[in-house]
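As given in TrEMBL:
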- 69-468: domain 'Major facilitator superfamily (MFS) profile' (DOMAIN)
- 69-90: transmembrane segment (TRANSMEM)
- 110-132: transmembrane segment (TRANSMEM)
- 139-157: transmembrane segment (TRANSMEM)
- 163-185: transmembrane segment (TRANSMEM)
- 197-221: transmembrane segment (TRANSMEM)
- 227-250: transmembrane segment (TRANSMEM)
- 278-303: transmembrane segment (TRANSMEM)
- 315-334: transmembrane segment (TRANSMEM)
- 341-362: transmembrane segment (TRANSMEM)
- 368-391: transmembrane segment (TRANSMEM)
- 403-426: transmembrane segment (TRANSMEM)
- 438-459: transmembrane segment (TRANSMEM)
Amino acid sequence: MGFLRKHSHKDFSTNQVVQVYRELQKSPYTSDEEAVQSPRKHAILSSESLQTTDSEFEDISYPEGGLNAWLVVFGSFCATGAVFGLINTSAVFESYLKENQLRDYSHSQIGWIFSIYLFLVFSLGIFVGPIFDSYGPRLLVAAGSVVTVASMMLLSLCTEYYQILLTYSVLGGIGGVLLYAPAYGSIAHFFNVKRGFATGIATTAGGIGGIVLPLLLQYLLGDDGVGFGWSCRILAFIFLGLCSASNAFIRSRLGPPAKSVTLKSIWPDFSILQDRGFALATIGIFFMEWGLFAPLTYVVSYAKSHGNTSAESSVLLALLNAASVFGRFLPGLLADKVGRFNVIISTIALCVGSILGLWLPAGDSKPILIAFCICFGFASGSNLGLIPVCIGQFCDSRDYGRYVTTANTIASFGTLSSIPMGGALLGAGGQAGWERLIGFSAASYSVACICYTLARVSVTGWELRKKF
(Lines of atoms letter the chains of each structure in order from A and count residues from 1; the text may use other names and numbers.)
(Lines give C-alpha, C1' and ligand atoms only; values in the text may rest on other atoms or scores of the structure.)
Protein backbone atom coordinates (compact mmCIF):
# COMPACT_ATOMS: atom_id res chain seq x y z
CA MET A 1 0.00 0.00 0.00
CA GLY A 2 3.03 2.29 0.30
CA PHE A 3 3.15 2.35 -3.51
CA LEU A 4 -0.37 3.75 -3.66
CA ARG A 5 0.32 6.40 -1.03
CA LYS A 6 3.47 7.49 -2.83
CA HIS A 7 1.57 8.05 -6.03
CA SER A 8 -1.68 9.30 -4.51
CA HIS A 9 -1.53 12.49 -6.55
CA LYS A 10 -1.99 10.48 -9.74
CA ASP A 11 -5.27 9.26 -11.13
CA PHE A 12 -5.41 5.47 -11.31
CA SER A 13 -7.93 3.62 -13.41
CA THR A 14 -9.79 0.68 -11.91
CA ASN A 15 -7.80 -1.65 -14.15
CA GLN A 16 -4.50 -0.35 -12.81
CA VAL A 17 -5.64 -0.71 -9.21
CA VAL A 18 -6.67 -4.30 -9.94
CA GLN A 19 -3.23 -5.11 -11.34
CA VAL A 20 -1.40 -3.54 -8.39
CA TYR A 21 -3.70 -5.41 -6.01
CA ARG A 22 -2.87 -8.69 -7.74
CA GLU A 23 0.84 -8.09 -7.34
CA LEU A 24 0.41 -7.28 -3.66
CA GLN A 25 -1.68 -10.45 -3.18
CA LYS A 26 1.32 -12.53 -4.20
CA SER A 27 3.30 -11.25 -1.22
CA PRO A 28 2.85 -12.79 2.22
CA TYR A 29 3.58 -9.45 3.89
CA THR A 30 0.99 -7.15 5.33
CA SER A 31 3.00 -4.01 6.14
CA ASP A 32 5.04 -1.55 4.10
CA GLU A 33 8.25 -2.35 5.96
CA GLU A 34 7.88 -6.06 5.32
CA ALA A 35 7.07 -5.51 1.68
CA VAL A 36 10.16 -3.36 1.17
CA GLN A 37 12.37 -6.05 2.68
CA SER A 38 10.83 -8.81 0.60
CA PRO A 39 13.27 -10.39 -1.86
CA ARG A 40 10.44 -11.19 -4.25
CA LYS A 41 10.73 -9.77 -7.73
CA HIS A 42 7.59 -8.14 -9.02
CA ALA A 43 6.78 -8.07 -12.70
CA ILE A 44 6.89 -4.80 -14.67
CA LEU A 45 3.37 -3.93 -15.67
CA SER A 46 2.83 -3.49 -19.37
CA SER A 47 -0.08 -1.71 -20.95
CA GLU A 48 -1.39 -5.03 -22.26
CA SER A 49 -1.34 -6.59 -18.79
CA LEU A 50 -3.67 -3.86 -17.52
CA GLN A 51 -6.53 -4.86 -19.81
CA THR A 52 -8.82 -6.27 -17.13
CA THR A 53 -12.44 -5.70 -16.38
CA ASP A 54 -13.94 -4.01 -13.34
CA SER A 55 -15.65 -7.25 -12.34
CA GLU A 56 -12.30 -8.95 -11.89
CA PHE A 57 -11.61 -6.77 -8.86
CA GLU A 58 -14.55 -8.43 -7.16
CA ASP A 59 -13.35 -11.88 -8.24
CA ILE A 60 -9.94 -11.55 -6.58
CA SER A 61 -11.36 -10.38 -3.25
CA TYR A 62 -12.07 -13.03 -0.62
CA PRO A 63 -15.40 -13.44 1.19
CA GLU A 64 -13.57 -14.74 4.32
CA GLY A 65 -16.87 -16.25 5.48
CA GLY A 66 -20.56 -16.38 4.76
CA LEU A 67 -22.89 -19.33 4.22
CA ASN A 68 -21.50 -20.43 0.84
CA ALA A 69 -17.90 -20.25 2.04
CA TRP A 70 -18.53 -22.32 5.17
CA LEU A 71 -20.57 -24.86 3.20
CA VAL A 72 -17.50 -25.32 0.99
CA VAL A 73 -15.45 -25.92 4.15
CA PHE A 74 -18.03 -28.50 5.27
CA GLY A 75 -17.93 -30.23 1.88
CA SER A 76 -14.14 -30.29 2.04
CA PHE A 77 -14.38 -31.65 5.58
CA CYS A 78 -16.44 -34.59 4.29
CA ALA A 79 -14.07 -35.24 1.38
CA THR A 80 -10.95 -35.23 3.55
CA GLY A 81 -12.77 -37.42 6.05
CA ALA A 82 -13.07 -40.11 3.39
CA VAL A 83 -9.48 -39.77 2.15
CA PHE A 84 -7.53 -39.25 5.37
CA GLY A 85 -9.94 -41.19 7.54
CA LEU A 86 -8.96 -44.24 5.50
CA ILE A 87 -5.27 -43.36 5.81
CA ASN A 88 -5.61 -43.15 9.58
CA THR A 89 -7.02 -46.69 9.74
CA SER A 90 -3.91 -48.13 8.08
CA ALA A 91 -2.48 -49.33 11.41
CA VAL A 92 -5.59 -51.43 12.11
CA PHE A 93 -5.64 -52.83 8.57
CA GLU A 94 -1.90 -53.57 8.69
CA SER A 95 -2.19 -55.45 11.96
CA TYR A 96 -5.26 -57.43 10.81
CA LEU A 97 -3.84 -58.36 7.41
CA LYS A 98 -0.56 -59.46 8.98
CA GLU A 99 -2.45 -61.85 11.25
CA ASN A 100 -4.89 -63.14 8.61
CA GLN A 101 -4.90 -62.94 4.78
CA LEU A 102 -1.26 -61.84 4.51
CA ARG A 103 0.29 -63.74 7.42
CA ASP A 104 3.02 -65.10 5.14
CA TYR A 105 4.13 -61.61 4.06
CA SER A 106 6.60 -59.36 5.87
CA HIS A 107 5.80 -55.96 7.40
CA SER A 108 7.71 -54.34 4.55
CA GLN A 109 5.70 -56.15 1.87
CA ILE A 110 2.39 -55.29 3.52
CA GLY A 111 3.60 -51.72 3.90
CA TRP A 112 3.60 -51.30 0.11
CA ILE A 113 -0.21 -51.55 0.14
CA PHE A 114 -0.53 -48.37 2.18
CA SER A 115 2.44 -46.52 0.71
CA ILE A 116 1.20 -46.95 -2.87
CA TYR A 117 -2.21 -45.63 -1.81
CA LEU A 118 -0.56 -42.54 -0.30
CA PHE A 119 1.76 -42.16 -3.27
CA LEU A 120 -1.13 -42.05 -5.73
CA VAL A 121 -3.17 -39.67 -3.56
CA PHE A 122 -0.34 -37.16 -3.58
CA SER A 123 1.49 -37.82 -6.86
CA LEU A 124 -1.47 -37.75 -9.25
CA GLY A 125 -2.44 -34.38 -7.85
CA ILE A 126 0.01 -32.76 -10.24
CA PHE A 127 -2.49 -33.53 -13.00
CA VAL A 128 -5.63 -32.97 -10.95
CA GLY A 129 -4.53 -29.55 -9.63
CA PRO A 130 -4.25 -27.83 -13.03
CA ILE A 131 -7.54 -29.40 -14.13
CA PHE A 132 -9.17 -27.96 -11.02
CA ASP A 133 -7.63 -24.53 -11.70
CA SER A 134 -9.01 -24.57 -15.24
CA TYR A 135 -12.35 -26.36 -14.97
CA GLY A 136 -13.42 -26.35 -11.32
CA PRO A 137 -14.14 -29.15 -8.83
CA ARG A 138 -17.52 -30.60 -9.84
CA LEU A 139 -16.54 -33.44 -12.18
CA LEU A 140 -13.41 -34.26 -10.17
CA VAL A 141 -15.33 -34.70 -6.92
CA ALA A 142 -18.07 -36.74 -8.61
CA ALA A 143 -15.56 -39.10 -10.22
CA GLY A 144 -13.58 -39.39 -6.99
CA SER A 145 -16.72 -40.32 -5.07
CA VAL A 146 -17.59 -43.16 -7.44
CA VAL A 147 -14.06 -44.56 -7.47
CA THR A 148 -13.60 -44.32 -3.68
CA VAL A 149 -16.82 -46.17 -2.87
CA ALA A 150 -16.14 -48.78 -5.57
CA SER A 151 -12.65 -49.46 -4.21
CA MET A 152 -13.99 -50.36 -0.75
CA MET A 153 -16.77 -52.52 -2.18
CA LEU A 154 -14.27 -54.46 -4.29
CA LEU A 155 -11.84 -54.72 -1.37
CA SER A 156 -14.49 -56.66 0.54
CA LEU A 157 -14.10 -59.49 -1.99
CA CYS A 158 -10.30 -59.69 -1.88
CA THR A 159 -8.26 -62.50 -0.37
CA GLU A 160 -4.92 -62.28 -2.21
CA TYR A 161 -2.09 -59.75 -1.94
CA TYR A 162 -2.33 -58.51 -5.54
CA GLN A 163 -6.11 -58.09 -5.22
CA ILE A 164 -5.77 -55.94 -2.11
CA LEU A 165 -3.01 -53.95 -3.80
CA LEU A 166 -5.15 -53.19 -6.86
CA THR A 167 -8.34 -52.28 -4.99
CA TYR A 168 -7.11 -50.54 -1.83
CA SER A 169 -3.91 -49.02 -3.21
CA VAL A 170 -4.46 -48.27 -6.90
CA LEU A 171 -8.21 -47.75 -7.19
CA GLY A 172 -8.50 -46.16 -3.75
CA GLY A 173 -5.54 -43.88 -4.41
CA ILE A 174 -7.05 -42.60 -7.66
CA GLY A 175 -10.34 -41.91 -5.91
CA GLY A 176 -8.53 -40.20 -3.05
CA VAL A 177 -6.66 -37.70 -5.22
CA LEU A 178 -9.82 -36.79 -7.14
CA LEU A 179 -11.39 -35.81 -3.80
CA TYR A 180 -8.36 -34.38 -2.00
CA ALA A 181 -7.06 -31.83 -4.52
CA PRO A 182 -10.34 -29.95 -5.23
CA ALA A 183 -11.32 -30.08 -1.55
CA TYR A 184 -8.35 -27.96 -0.48
CA GLY A 185 -8.28 -25.88 -3.65
CA SER A 186 -11.89 -24.73 -3.24
CA ILE A 187 -11.21 -23.39 0.26
CA ALA A 188 -8.46 -21.18 -1.17
CA HIS A 189 -11.02 -19.48 -3.41
CA PHE A 190 -13.05 -18.29 -0.43
CA PHE A 191 -10.44 -17.58 2.26
CA ASN A 192 -7.13 -15.74 2.38
CA VAL A 193 -6.63 -14.11 5.80
CA LYS A 194 -8.53 -16.96 7.50
CA ARG A 195 -7.23 -19.69 5.19
CA GLY A 196 -5.24 -21.46 7.89
CA PHE A 197 -8.27 -21.55 10.18
CA ALA A 198 -10.67 -22.74 7.44
CA THR A 199 -8.26 -25.37 6.12
CA GLY A 200 -7.60 -26.53 9.67
CA ILE A 201 -11.31 -27.12 10.21
CA ALA A 202 -11.52 -29.17 7.00
CA THR A 203 -8.50 -31.29 7.88
CA THR A 204 -9.91 -32.18 11.30
CA ALA A 205 -12.08 -34.66 9.43
CA GLY A 206 -9.08 -36.93 8.97
CA GLY A 207 -8.44 -36.90 12.71
CA ILE A 208 -12.09 -37.45 13.59
CA GLY A 209 -12.22 -40.31 11.11
CA GLY A 210 -9.05 -41.60 12.72
CA ILE A 211 -10.85 -41.73 16.06
CA VAL A 212 -14.08 -43.35 14.91
CA LEU A 213 -12.96 -45.65 12.11
CA PRO A 214 -10.16 -47.56 13.90
CA LEU A 215 -12.43 -48.29 16.86
CA LEU A 216 -15.25 -49.26 14.51
CA LEU A 217 -12.93 -51.50 12.48
CA GLN A 218 -11.49 -53.07 15.61
CA TYR A 219 -15.01 -54.08 16.65
CA LEU A 220 -16.13 -55.18 13.17
CA LEU A 221 -12.98 -57.25 12.63
CA GLY A 222 -13.05 -58.76 16.12
CA ASP A 223 -14.30 -62.16 17.21
CA ASP A 224 -17.85 -60.86 17.65
CA GLY A 225 -17.75 -58.71 14.50
CA VAL A 226 -18.99 -59.15 10.96
CA GLY A 227 -15.74 -60.18 9.29
CA PHE A 228 -13.47 -58.53 6.74
CA GLY A 229 -15.95 -58.42 3.85
CA TRP A 230 -18.78 -56.63 5.61
CA SER A 231 -16.34 -54.38 7.46
CA CYS A 232 -15.17 -53.03 4.11
CA ARG A 233 -18.75 -52.67 2.86
CA ILE A 234 -19.75 -50.71 5.95
CA LEU A 235 -16.80 -48.38 5.32
CA ALA A 236 -17.98 -48.00 1.73
CA PHE A 237 -21.45 -46.90 2.87
CA ILE A 238 -19.90 -44.40 5.29
CA PHE A 239 -17.77 -42.98 2.47
CA LEU A 240 -20.85 -42.82 0.24
CA GLY A 241 -22.53 -40.51 2.74
CA LEU A 242 -19.44 -38.32 3.08
CA CYS A 243 -18.95 -38.10 -0.67
CA SER A 244 -22.59 -37.16 -1.21
CA ALA A 245 -22.12 -34.12 1.02
CA SER A 246 -18.88 -33.27 -0.81
CA ASN A 247 -20.66 -33.27 -4.16
CA ALA A 248 -23.41 -31.05 -2.78
CA PHE A 249 -21.22 -28.33 -1.28
CA ILE A 250 -17.74 -28.19 -2.86
CA ARG A 251 -17.68 -25.50 -5.52
CA SER A 252 -15.37 -22.93 -7.08
CA ARG A 253 -15.99 -19.20 -6.72
CA LEU A 254 -13.54 -18.15 -9.42
CA GLY A 255 -13.98 -19.00 -13.07
CA PRO A 256 -11.03 -20.04 -15.21
CA PRO A 257 -8.59 -17.16 -15.78
CA ALA A 258 -8.93 -15.19 -18.97
CA LYS A 259 -6.69 -16.38 -21.80
CA SER A 260 -5.24 -12.88 -22.16
CA VAL A 261 -3.90 -13.12 -18.61
CA THR A 262 -2.67 -16.72 -18.41
CA LEU A 263 -3.44 -19.86 -20.37
CA LYS A 264 -3.84 -22.89 -18.14
CA SER A 265 -2.82 -26.36 -19.14
CA ILE A 266 -3.67 -29.68 -17.58
CA TRP A 267 0.02 -30.58 -17.72
CA PRO A 268 2.33 -30.17 -14.72
CA ASP A 269 4.59 -27.12 -14.49
CA PHE A 270 7.85 -27.72 -12.63
CA SER A 271 9.13 -24.22 -13.45
CA ILE A 272 7.52 -23.00 -10.22
CA LEU A 273 10.30 -24.83 -8.37
CA GLN A 274 12.57 -21.95 -9.39
CA ASP A 275 11.13 -20.17 -6.36
CA ARG A 276 13.73 -21.11 -3.75
CA GLY A 277 11.35 -20.85 -0.80
CA PHE A 278 8.75 -23.04 -2.49
CA ALA A 279 11.38 -25.62 -3.46
CA LEU A 280 12.72 -25.82 0.11
CA ALA A 281 9.21 -26.15 1.54
CA THR A 282 8.52 -28.95 -0.94
CA ILE A 283 11.64 -30.83 0.14
CA GLY A 284 10.53 -30.31 3.73
CA ILE A 285 7.19 -31.97 2.98
CA PHE A 286 9.04 -34.95 1.48
CA PHE A 287 10.97 -35.57 4.70
CA MET A 288 7.92 -34.85 6.81
CA GLU A 289 6.06 -37.65 5.02
CA TRP A 290 9.03 -39.93 5.65
CA GLY A 291 8.79 -39.25 9.36
CA LEU A 292 5.00 -39.28 9.69
CA PHE A 293 3.67 -42.52 8.27
CA ALA A 294 5.98 -44.91 10.09
CA PRO A 295 4.42 -44.07 13.50
CA LEU A 296 0.91 -43.93 12.05
CA THR A 297 1.25 -47.36 10.45
CA TYR A 298 3.22 -49.26 13.08
CA VAL A 299 2.06 -47.79 16.40
CA VAL A 300 -0.55 -50.55 16.83
CA SER A 301 2.01 -53.29 16.13
CA TYR A 302 4.43 -51.56 18.53
CA ALA A 303 1.83 -51.51 21.30
CA LYS A 304 0.97 -55.19 20.77
CA SER A 305 4.63 -56.18 20.85
CA HIS A 306 4.98 -54.42 24.22
CA GLY A 307 2.20 -56.20 26.08
CA ASN A 308 -0.96 -54.37 24.99
CA THR A 309 -4.07 -56.17 23.75
CA SER A 310 -5.60 -55.50 20.33
CA ALA A 311 -8.31 -53.34 21.90
CA GLU A 312 -5.80 -51.32 23.93
CA SER A 313 -3.60 -50.83 20.87
CA SER A 314 -6.52 -49.52 18.82
CA VAL A 315 -7.39 -47.08 21.61
CA LEU A 316 -3.84 -45.69 21.39
CA LEU A 317 -4.34 -45.04 17.68
CA ALA A 318 -7.67 -43.36 18.45
CA LEU A 319 -5.94 -41.15 21.05
CA LEU A 320 -3.30 -40.17 18.51
CA ASN A 321 -5.96 -39.21 15.98
CA ALA A 322 -8.06 -37.41 18.61
CA ALA A 323 -5.07 -35.25 19.49
CA SER A 324 -4.53 -34.55 15.79
CA VAL A 325 -8.03 -33.05 15.59
CA PHE A 326 -6.98 -30.31 17.99
CA GLY A 327 -3.63 -30.10 16.23
CA ARG A 328 -5.25 -29.38 12.88
CA PHE A 329 -7.62 -26.78 14.30
CA LEU A 330 -5.84 -24.71 16.98
CA PRO A 331 -2.45 -24.12 15.29
CA GLY A 332 -4.27 -23.12 12.10
CA LEU A 333 -6.02 -20.36 14.02
CA LEU A 334 -2.73 -19.28 15.60
CA ALA A 335 -0.91 -19.41 12.26
CA ASP A 336 -3.18 -16.76 10.75
CA LYS A 337 -2.12 -14.42 13.56
CA VAL A 338 1.61 -15.06 14.06
CA GLY A 339 2.65 -16.59 10.72
CA ARG A 340 2.10 -19.95 9.10
CA PHE A 341 5.75 -20.89 8.67
CA ASN A 342 6.50 -19.77 12.22
CA VAL A 343 3.93 -22.20 13.59
CA ILE A 344 4.76 -25.19 11.38
CA ILE A 345 8.47 -24.96 12.24
CA SER A 346 7.54 -25.11 15.93
CA THR A 347 5.23 -28.09 15.50
CA ILE A 348 7.78 -30.03 13.43
CA ALA A 349 10.28 -29.50 16.24
CA LEU A 350 7.64 -30.79 18.67
CA CYS A 351 7.36 -33.97 16.58
CA VAL A 352 11.11 -34.55 16.92
CA GLY A 353 10.93 -33.96 20.67
CA SER A 354 8.00 -36.32 21.19
CA ILE A 355 9.61 -39.13 19.17
CA LEU A 356 12.99 -38.94 20.92
CA GLY A 357 11.73 -37.91 24.34
CA LEU A 358 8.68 -40.18 24.64
CA TRP A 359 8.46 -42.94 22.03
CA LEU A 360 12.12 -43.99 22.14
CA PRO A 361 12.23 -44.59 25.92
CA ALA A 362 8.58 -45.78 26.19
CA GLY A 363 9.22 -49.53 26.17
CA ASP A 364 6.44 -51.33 28.08
CA SER A 365 5.28 -48.15 29.86
CA LYS A 366 1.66 -47.48 28.93
CA PRO A 367 1.57 -43.94 30.42
CA ILE A 368 4.57 -42.85 28.36
CA LEU A 369 3.14 -44.45 25.22
CA ILE A 370 -0.17 -42.65 25.79
CA ALA A 371 1.71 -39.37 26.29
CA PHE A 372 3.58 -39.95 23.03
CA CYS A 373 0.38 -40.63 21.07
CA ILE A 374 -1.24 -37.44 22.38
CA CYS A 375 1.82 -35.21 21.87
CA PHE A 376 2.77 -36.61 18.47
CA GLY A 377 -0.84 -36.64 17.31
CA PHE A 378 -1.25 -32.96 18.12
CA ALA A 379 2.02 -31.92 16.48
CA SER A 380 1.74 -34.09 13.36
CA GLY A 381 -1.90 -33.11 12.88
CA SER A 382 -0.96 -29.44 12.84
CA ASN A 383 1.70 -30.14 10.22
CA LEU A 384 -0.83 -31.75 7.89
CA GLY A 385 -3.24 -28.86 8.33
CA LEU A 386 -0.59 -26.19 7.73
CA ILE A 387 1.15 -27.70 4.69
CA PRO A 388 -1.35 -26.38 2.10
CA VAL A 389 -1.60 -22.91 3.64
CA CYS A 390 2.19 -22.63 3.84
CA ILE A 391 2.44 -23.51 0.15
CA GLY A 392 -0.23 -20.87 -0.49
CA GLN A 393 2.24 -18.23 0.72
CA PHE A 394 4.05 -18.53 -2.61
CA CYS A 395 1.12 -18.07 -5.02
CA ASP A 396 -2.29 -16.48 -5.50
CA SER A 397 -5.56 -18.38 -5.32
CA ARG A 398 -5.81 -18.93 -9.10
CA ASP A 399 -2.62 -21.00 -9.06
CA TYR A 400 -3.18 -22.61 -5.67
CA GLY A 401 -4.11 -26.04 -7.01
CA ARG A 402 -1.03 -26.16 -9.25
CA TYR A 403 1.37 -25.24 -6.44
CA VAL A 404 -0.08 -27.55 -3.80
CA THR A 405 -0.30 -30.56 -6.09
CA THR A 406 3.21 -30.01 -7.49
CA ALA A 407 4.59 -29.99 -3.95
CA ASN A 408 2.58 -33.06 -3.00
CA THR A 409 3.68 -34.93 -6.12
CA ILE A 410 7.33 -34.57 -5.17
CA ALA A 411 6.54 -35.39 -1.54
CA SER A 412 4.60 -38.46 -2.65
CA PHE A 413 7.88 -40.28 -3.27
CA GLY A 414 8.43 -39.92 0.47
CA THR A 415 5.10 -41.57 1.21
CA LEU A 416 5.84 -44.30 -1.33
CA SER A 417 9.07 -45.30 0.39
CA SER A 418 8.34 -44.41 4.02
CA ILE A 419 6.22 -47.37 5.14
CA PRO A 420 8.23 -50.11 3.33
CA MET A 421 11.48 -48.58 4.61
CA GLY A 422 10.03 -48.54 8.10
CA GLY A 423 9.02 -52.17 7.74
CA ALA A 424 12.48 -53.10 6.49
CA LEU A 425 14.12 -51.29 9.41
CA LEU A 426 11.73 -53.02 11.79
CA GLY A 427 12.49 -56.45 10.35
CA ALA A 428 11.17 -59.22 12.55
CA GLY A 429 10.67 -56.81 15.44
CA GLY A 430 12.60 -56.78 18.68
CA GLN A 431 13.88 -53.72 20.52
CA ALA A 432 16.69 -53.07 18.04
CA GLY A 433 14.24 -53.02 15.14
CA TRP A 434 11.93 -50.58 16.90
CA GLU A 435 14.86 -48.31 17.77
CA ARG A 436 15.91 -48.21 14.11
CA LEU A 437 12.35 -47.30 13.07
CA ILE A 438 12.05 -44.59 15.73
CA GLY A 439 15.45 -43.13 14.82
CA PHE A 440 14.47 -43.02 11.14
CA SER A 441 11.30 -41.10 11.95
CA ALA A 442 13.09 -38.59 14.20
CA ALA A 443 15.86 -37.97 11.66
CA SER A 444 13.32 -37.37 8.89
CA TYR A 445 11.44 -34.79 10.93
CA SER A 446 14.73 -33.08 11.83
CA VAL A 447 15.60 -32.59 8.15
CA ALA A 448 12.06 -31.32 7.49
CA CYS A 449 12.47 -28.74 10.25
CA ILE A 450 15.73 -27.51 8.70
CA CYS A 451 14.12 -27.22 5.25
CA TYR A 452 11.16 -25.20 6.51
CA THR A 453 13.47 -22.93 8.48
CA LEU A 454 15.58 -22.26 5.37
CA ALA A 455 12.41 -21.66 3.31
CA ARG A 456 11.36 -18.99 5.79
CA VAL A 457 14.84 -17.46 5.85
CA SER A 458 14.88 -17.28 2.03
CA VAL A 459 11.93 -14.89 2.20
CA THR A 460 12.24 -13.02 5.51
CA GLY A 461 15.92 -13.33 6.36
CA TRP A 462 16.92 -14.17 9.93
CA GLU A 463 14.36 -11.82 11.47
CA LEU A 464 12.82 -14.08 14.11
CA ARG A 465 9.87 -11.79 14.80
CA LYS A 466 8.72 -11.57 11.20
CA LYS A 467 5.21 -12.82 10.52
CA PHE A 468 5.45 -15.41 7.76
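Easy rule for this one: first residue shown is 1, then count along the chain.
Including glycine, each Cβ sits where the backbone N, Cα and C put it.
A TrEMBL annotation is a machine prediction, not a hand-curated record.
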Restricting to CB pairs under 8 Å, which listed stretch, 69-90, 227-250, 315-334, 341-362, 403-426, is in contact most with the transmembrane segment (139-157)? 227-250
Stretch among 110-132, 163-185, 227-250, 315-334, 403-426 sharing the most Cβ pairs under 8 Å with the transmembrane segment (197-221): 315-334
Any chance the transmembrane segment (278-303) and the transmembrane segment (163-185) are in contact, meaning at least three CB pairs closer than 8 A with a sequence separation of 6+? no
Annotated stretches the transmembrane segment (69-90) and the transmembrane segment (438-459) touching (3 or more Cβ pairs under 8 Å): no
Beyond the flanks of the transmembrane segment (368-391) by 6 or more, those residues with Cβ under 8 Å of it: 84, 184, 188, 195-196, 199-200, 203-204, 206-207, 278, 281-282, 285, 288, 292, 295-296, 299, 303, 306, 308, 316-317, 319-332, 335, 340-341, 343-344, 347-348, 350-351, 353-355, 358-359, 361-362, 403-404, 407, 452
The transmembrane segment (227-250) vs the transmembrane segment (163-185): three or more C-beta pairs under 8 Å (separation of 6 or more)? yes
Residues sitting near the transmembrane segment (438-459): Cβ under 8 Å, six or more positions beyond its termini, same chain? 28, 38-40, 276-278, 280-281, 283-288, 290-292, 294-295, 341-342, 344-345, 348-349, 351-352, 355-356, 359-360, 390, 393, 418, 421-422, 425, 468
When pLDDT is averaged across the domain 'Major facilitator superfamily (MFS) profile' (69-468), the result is 84
